[in-house]
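What follows is a short report on a single structure.
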């Protein structure tokens with residue numbers, strides 16, 4: 001009987017681990033979809049204004065869901081402060097990401113994909129005391145190498161050293177910001193839930209991002225004009241509902257089962273999904289190195305995800 005109980009417990013843990021892995025992988029896929037959706041007109045909306053629309057729509061969507069499913073939950077004053085801190089990480093991430101992307105080249109922006117998981121692993125070790133075995137290190141290295149190979153086939157990295165220094169620094173800040181949101185969110189996710197933590201941290205970020213919108217619009221070019229079209233509306237809806245509300249919930253859902261350093265490795269799937277969708281929906285070509293890079297990246301993700309088994 002004891003052997004049977006252990007067997008069933010092991011099966012349950014493996015099933016939970018797989019469910020926890022599927023959630024951040026799906027989140028990364030949704031973020032990869034932003035590459036295709038961005039072709040619909042993100043460029044016509046000022047970057048900080050777009051970030052505000054994202055958190056406002058995403059926060060509203062999450063709030064409706066959480067009120068329908070958990071209407072009576074109470075939080076302490078300390079918990080609200082912690083949600084506010086997470087909102088600060090969100091605001092830092094989005095404002096610097098959108099501004100950094102606006103000021104840099106595509107190749108520089110793609111570096112965000114590589115830096116975020118690295119920062120998350122380092123913070124997970126230093127802040128949460130997470131373990132970091134040789135197997136995890138090897139898996140992370142494989143994922144980084146595979147992702148770089150994929151990105152090299154998509155972008156011209158000869159331009160990495162050029163461009164706006166402020167934009168590059170903003171992208172570094174964005175990478176660190178999302179790592180902070182991931183790591184400092186884990187205790188609240190484990191105390192309450194992924195849905196509640198994603199909801200109230202997103203709501204807290206709305207005024208923090210919103211205070212920059214009037215300044216951005218006031219300094220915009222006099223010729224600036226946004227014509228509201230169906231593609232633009234669809235793009236903003238995807239950004240707010242799917243790549244924010246759903247993806248952020250799924251990202252935190254992974255933290256309910258996995259360490260922050262393990263969840264972080266799924267971030268590497270984002271450019272791979274973006275490239276595949278670009279090929280399928282936009283008729284873009286894939287570089288010969290794509291398959292090799294994607295395979296190495298997937299192997300690295302698998303190695304990290306199974307390091308504790």
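Glycine is treated like the rest: Cβ placed from N, Cα and C.
Automatic prediction, not curation, is the source of TrEMBL annotations.
The average pLDDT computed for the domain 'EamA' (20-151) is 87. Annotation comment: TrEMBL describes 20-151 (among others) as domain 'EamA'.
Residues annotated as domain 'EamA' in TrEMBL: 166-305 (among others).
As annotated by TrEMBL, transmembrane segment applies to 22-45 (among others).
When Cβ-Cβ distances below 8 Å are used as the criterion, the transmembrane segment (51-70) is approached by residues 45, 90-91, 94-95, 97-98, 193, 195-196, 198-199, 202-203, 205-206, 209-210, 212-213, 236-237, 239-241, 243-245, 248-249 of the same chain, each at least six residues removed from its ends. The transmembrane segment annotation in TrEMBL covers 51-70 (among others).
The transmembrane segment annotation in TrEMBL covers 82-100 (among others).
Summarising the annotation, TrEMBL assigns transmembrane segment to 106-128 (among others).
The transmembrane segment annotation in TrEMBL covers 140-157 (among others).
Residues 82, 85-86, 89-90, 92-94, 96-97, 99-105, 108-109, 111-112, 115-117, 119-120, 122-124, 127-128, 197, 201, 251-252, 255, 260, 263-264 of the same chain sit 6 or more residues outside the transmembrane segment (163-185) yet have a Cβ under 8 Å from a Cβ within it. If you look up TrEMBL, you'll see 163-185 (among others) marked as transmembrane segment.
With a cut-off of 8 Å between Cβ atoms, the residues of this chain six or more beyond the transmembrane segment (197-215) that come close are 48-49, 51-52, 55-56, 58-59, 62-63, 65-66, 75, 80, 83-84, 86-91, 94-95, 181, 185, 188-189, 244-245, 248-249, 251-252. Here TrEMBL flags 197-215 (among others) as transmembrane segment.
Cβ atoms under 8 Å from those of the transmembrane segment (227-251) belong to residues 23-24, 26-27, 30-31, 33-34, 37-38, 40-42, 44-45, 50, 53-59, 61-62, 65, 182, 194-195, 198-199, 202, 263 of the same chain, restricted to positions at least 6 beyond its ends. The transmembrane segment annotation in TrEMBL covers 227-251 (among others).
Per TrEMBL, the feature transmembrane segment maps to 258-280 (among others). Tertiary proximity for the transmembrane segment (258-280) is limited to same-chain residues at least six positions away from its ends with a CB under 8 Å from its CB atoms, namely 17, 20-21, 24-25, 27-29, 31-36, 110, 113-114, 116-117, 120-121, 123-125, 128, 130-132, 136, 139-140, 143-144, 146-147, 150-151, 153-154, 179, 182-183, 186, 251, 286, 290, 293-294, 297, 300-301, 304-305, 307-308.
The transmembrane segment annotation in TrEMBL covers 286-304 (among others).
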Should anything in the same chain at least six residues away from the transmembrane segment (286-304) have a Cβ under 8 Å from its Cβ atoms, list it; otherwise answer none.
135-136, 138-154, 261-262, 265-266, 268-269, 272, 275-276, 279
